[in-house]
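Colleague: There's a structure below that I have some questions on.
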Amino acid sequence: MAGIVSIFEEDGFSAERLFKQGYSYTYDDVIFLPHYIDFPTDAVKLATKLSRNVELSIPCVSSPMDTVTESSMATAMAAVGGIGIVHYNNTISQQTSFVRNVKSHKIPFSAELIFVAPSDSITSADEFATSPCIFVTETGTQKSKLLGVVSKSDWEAVRDKEARVSSYMTKSPVTLPSSYSFDDVAGYLAAKELNFVPLVSDDDDEIVNLVARSDIERIRGFPKMGLPSLGADGRFLVGAAVGTRESDKERLEHLVKAGINAVILDSSQGNSIYQLEMIKYVKQAYPNLDVIGGNVVTMSQAQNLIQAGVDGLRVGMGSGSICTTQEVCAVGRGQATAVYKVSSVAEKSGIPIIADGGISNSGHIVKALVLGASTVMMGSFLAGSSEAPGNYVNQGDVRVKKYRGMGSLEAMIKGSDQRYLGDTAKLKIAQGVVGAVADKGSIMKFIPYTMHAVKQGFQDLGASSIHSAHDLLRSGTLRLEVRTGAAQAEGGVHGLVSYEKKSF
Ligand SMILES: NC(=O)C1=CN([C@@H]2O[C@H](COP(=O)(O)OP(=O)(O)OC[C@H]3O[C@@H](n4cnc5c(N)ncnc54)[C@H](O)[C@@H]3O)[C@@H](O)[C@H]2O)C=CC1
Ligand SMILES: O=c1[nH]c(=O)c2[nH+]cn([C@@H]3O[C@H](COP(=O)(O)O)[C@@H](O)[C@H]3O)c2[nH]1
Ligand SMILES: [K+]
């Protein structure tokens with residue numbers, strides 16, 4: 001191979017040369033030249049690091065946005081081997097309860113837990129829309145003693161819909177410990193011919209999950225993935241975002257108690273005195289917690305945060321699908337260039353980087369990883385999934401979910417305005433939009449398929465791991481080019497009267 005490489009070394013550009021030319025390139029601008037295949041697709045390993053001490057089996061991270069990551073997303077992301085970062089556009093108690101919820105699960109969930117008090121009545125079938133049953137507890141909240149359960153069929157059989165639930169609930173329902181594995185729970189439901197079973201936490205008997213027979217079939221139907229992301233205590237890994245205000249120190253204290261495995265300091269421009277001070281504070285107060293700084297897009301921004309002690313860096317400014325930062329502030333960078341440049345610095349200090357924003361297909365993930373990232377962070381790619389917060393609505397013929405920027409007016413009004421209205425700033429300027437994305441089903445189905453597509457890309461490049469891709473990048477063995485507009489059009493579907501694009 002060495003001889004062939006030297007004859008053709010002028011074919012294509014090395015990344016070093018290509019990214020030196022003064023252009024801001026994004027993923028679609030560049031294309032990799034194929035190399036040599038000497039292993040099967042399944043031999044490609046995508047195991048990686050989120051940050052210095054957090055290991056994942058796939059390079060996928062869900063973004064800390066209020067239309068992307070709460071408990072359901074973070075649980076499912078960990079179950080498939082990635083990680084979710086819980087957003088902080090909420091109160092401290094809401095954010096920590098999302099984290100605790102992830103920590104108390106062994107099985108990803110789809111049903112909502114609904115609680116009523118014994119004297120309440122259930123007047124509409126709509127109350128069962130998101131769950132096969134409703135729990136009755138002493139005070140009607142999750143944190144109180146379980147008295148009974150009402151299934152949808154129990155309720156349908158009741159004539160007087162105004163009746164108190166205590167008059168017809170099934171008393172003292174069977175529960176299982178939440179430490180039971182998927183197979184244990186599946187075996188129990190089958191043996192007892194039950195339609196669902198609630199799972200209770202080991203320490204305080206609180207109901208934390210509800211597994212229905214349909215969930216068992218659903219989960220069994222998903223493609224097999226590698227190892228889930230588990231901490232040393234056997235619980236799912238989860239991260240959380242916080243800001244850089246004084247009040248975020250209190251938030252962080254609660255998140256650490258709830259068991260987060262990494263914290264992301266969430267700013268659009270991370271190279272600030274506020275973030276540098278926060279990084280130093282976190283490293284001193286919680287030496288065992290990985291702290292991820294950002295966002296950054298330049299080598300010098302990265303160098304500053306590395307010197308302050310970050311364990312990971314988040315890269316991307318204005319590249320997100322809902323971002324308007326480049327339009328509003330004229331600051332940012334094409335995402336391919338940003339990932340390459342920041343990784344060239346971070347790599348020298350052994351700091352993994354997260355390529356954040358602008359991912360809309362598996363090819364973009366290949367590009368981010370091969371250009372130096374260790375993981376990709378996704379918002380719009382995940383926001384249409386069943387695990388994302390919010391309900392689906394119909395927009396014409398399409399089932400959609402809301403997806404919005406954290407710097408959109410709507411999101412700022414909901415909670416992040418403390419960041420904007422604090423101290424001096426009285427005027428709110430949006431740096432993001434509110435939109436909608438199409439229903440994509442469960443991430444537990446489309447992430448495995450996406451990872452398989454990524455492995456095919458790696459195989460074409462002769463890279464059997466993310467580490468070996470980075471070696472090809474740095475040695476100049478990886479060759480790439482910029483695509484003209486016509487080349488980009490040629491690379492997409494073209495010249496057809498109509499077509500259906502079905503990926504798997
Ligand atoms: N990746 C991207 O391209 C972008 C992301 N976003 C997202 O929008 C959200 C908001 O981002 P930002 O506006 O950057 O939030 P931020 O909270 O970091 O900054 C908001 C404002 O508060 C100031 N600030 C922060 N800490 C301070 C302190 N301790 N004392 C005084 N002033 C302080 C900042 O300098 C800035 O002017 C985040 O979720 C972020 O990820 C927003 C724009 C671009
Ligand atoms: O300019 C911005 N204004 C916003 O309101 C905003 N909200 C999120 N983000 C960033 O976009 C990333 C998600 O991007 P994607 O949807 O392309 O995955 C996220 O991970 C963030 O980095 C924002 N950027
Ligand atoms: K954008």
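Yeah, the Cβs are placed from backbone N, Cα and C, and that goes for glycine too.
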Colleague: Can you find which of Ser321, Ser343, Ser464, Ser465 TrEMBL lists as binding IMP at the same site as Asp356, Gly357, Gly358, Gly379, Ser380, Tyr403, Arg404, Gly405, Met406, Gly407, Gln431?
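Modeller: Of Ser321, Ser343, Ser464, Ser465, Ser321 joins Asp356, Gly357, Gly358, Gly379, Ser380, Tyr403, Arg404, Gly405, Met406, Gly407, Gln431 in the IMP site that TrEMBL records.
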Colleague: Of the recorded positions listed here (Ser267, Gly316, Gly318, Gly320, Cys323), which is spatially closest to Gly379 (IMP binding site) when Cα positions are compared?
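Modeller: Closest by Cα: Gly320.
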Colleague: Return the members of Cys323, Gly357, Tyr403, Gly407 (the recorded positions) with CB less than 6 angstroms from at least one atom of ligand 2, or none.
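Modeller: Result: Cys323, Gly357, Gly407.
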Colleague: Would you list, in sequence order, the residues of this chain other than Gly318, Gly320, Cys323 that have their CB within 8 A of the centroid of the site's CB atoms, where the site is the one recorded for K(+)?
Modeller: Gly316, Met317, Ser319, Ser321, Ile322, Thr324, Thr325, Gln326, Gly332, Gly357, Gly358, Gly405, Gln431, Gly432
Colleague: Which recorded positions, if any, among Ser268, Met317, Cys323, Gly407 have a Cβ under 6 Å from ligand 3, given in order along the chain?
Modeller: Cys323
Colleague: Taking the Cα of Gly318 (NAD(+) binding site) as the centre, which of the binding-site residues listed as Tyr403, Gly405, Gly407 lie within 10 Å of it?
Modeller: none
Colleague: Take the mean position of the Cβ atoms of Asp266, Ser267, Ser268, Gly316, Met317, Gly318, the recorded NAD(+) site. Which other residues of that chain put their Cβ within 8 Å of it?
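Modeller: These residues sit around the NAD(+) site: Gln269, Gly270, Gly294, Asn295, Arg314, Cys323, Thr325, Asp356, Gly357.
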Colleague: Would you find the one among the binding-site residues Gly318, Gly357 whose Cβ has the most company, meaning other Cβ atoms within 10 Å?
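Modeller: Counting every other Cβ within 10 Å of each candidate, the maximum falls on Gly357.
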Colleague: Check Gly357 (IMP binding site) against DSSP and tell me helix, strand or coil, would you?
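Modeller: The three-state answer is coil.
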